[in-house]
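Structure first, then comments.
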């Protein structure tokens, strides 16, 4: 058995700021310094045979090596990555060696004893720290600058930040407060507000990454205002003077026992020299859309696809908070010949322009499962990139522009009887012939149809003015309206649309019902405008409704048998309506012709 030679005297040099590559040291003892399972840290006594350091710590990602018994007494290791840091108020105190990567050279069971008679490194002789070579005699003398010059101070400050004195994220803990990290922002949430008995506030959070690990950082109130516009996803920053605390795993899935909170002293500085000591790019674990169908509900997923369809912007009010939300659903397709629905929220939904059918990359999107179908949704920690400059995106673009996506067969978001972008095309006659809607659950289909008749009678009702209630109100007289659901009287009401119309395709006609949002979209006016016209301006109402006659749309319809008294009636309800995309509709017709005749377009 051959034991590795220790790097004699190296500890004194390291602890006085010298950078030494791959020093070989011996572990003399290891001790847990706190017992919480989610934040345990280990302190080690480490030796180079001449000096020892009792102020050394393992980064949390190395805990598994201790758990596995790899770091027992007398083990010889090589330090592959480490930093030193002053622990104490304003950096005054003990200097700690923090080890983030190491390699076991000889297990302790082989070594069996301490090597040498090491003493504490503070007793290091001056010659151990002396420069290794004197300056040439003909070199020019270095000009001494008087202390206090601003230029000199700036140089010192910048060199301390930019020349390797930054700390790896994996080494951070509440036991040190003098540190600077250099990290890339991998995701950033929007600003969220709250209001409770203790007051009101706002916050945003971000995920930071360097080559050693990841950490979540959150900015509240004044810090939220100060830093939100400054910090951009995919940029690299120097960050210091944040508070650290144990991570709340309910809100973060990052592999770090701690999280950061911005304080009034927090400093954030954009890093422009990323080529020197580069920070890794954001990593994407891209999976084909077809694989999403086999993944668990609520799991996070990275994927990339072409935006083939864009849904309308939708607004709704949360019943519990009365806050208005905006969302938009888009359809992604990829080379696995699969399609999936992706939900965008807030500003991303409002500002999204998918008519050019861009490539969309999403990181950390959440899987939602409903009625057997699975869709994706962007959340607070998600990233969306439009037309990213990566090989996967260029390959996907070429595939789609050359006819890829024309015959997507696997609709991952297709519900069991559910209606969305993947709803089956069907004529009105076929829907009746197949007896859709007669089962326990409603059926869904879509068709291209023209509006024949729109009923103005009973096209609206007066509803509760509360934003989260649409219950019909009772006119109590004296300009008072009662909502039985809210058990309250109001001096006003809001209009809600309930429009019945006859639509037809080349096979048949059917009466369908459409509710408020779809009605507004079809009529091109708000429910308030339509209701006021119907009650006060018949000529304007006639103009609004007649403009809808003989217009063609793509209707997505819900079909269900409903019992009225002793009669069963097959009822159609418009789930959504969209203008005709003639290019896409022609592709559908060509596909049907091929299926009917067995002759492909190339024949």
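Glycine too: its Cβ is placed from the backbone N, Cα and C atoms.
Predicted, not measured: the structure shown is a model, and the values here were computed from it.
Now, the feature entries from TrEMBL:
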COMPBIAS  126-141  compositional bias 'Low complexity'
COMPBIAS  150-160  compositional bias 'Low complexity'
DOMAIN    6-106  domain 'Replication factor-A protein 1 N-terminal'
DOMAIN    179-252  domain 'OB'
DOMAIN    289-387  domain 'Replication protein A OB'
DOMAIN    444-589  domain 'Replication factor A C-terminal'
REGION    126-160  region 'Disordered'
Could you tell me how many residues in the domain 'Replication factor A C-terminal' (444-589) are helical, how many are strand and how many are coil under DSSP?
35 helix, 68 strand, 43 coil
DSSP helix, strand and coil counts for the domain 'OB' (179-252)?
7 helix, 43 strand, 24 coil
Tell me the residue counts in helix, strand and coil for the domain 'Replication factor-A protein 1 N-terminal' (6-106), as DSSP assigns them.
17 helix, 51 strand, 33 coil
DSSP-assigned states of the domain 'Replication protein A OB' (289-387) in counts, ordered helix, strand, coil:
10 helix, 55 strand, 34 coil
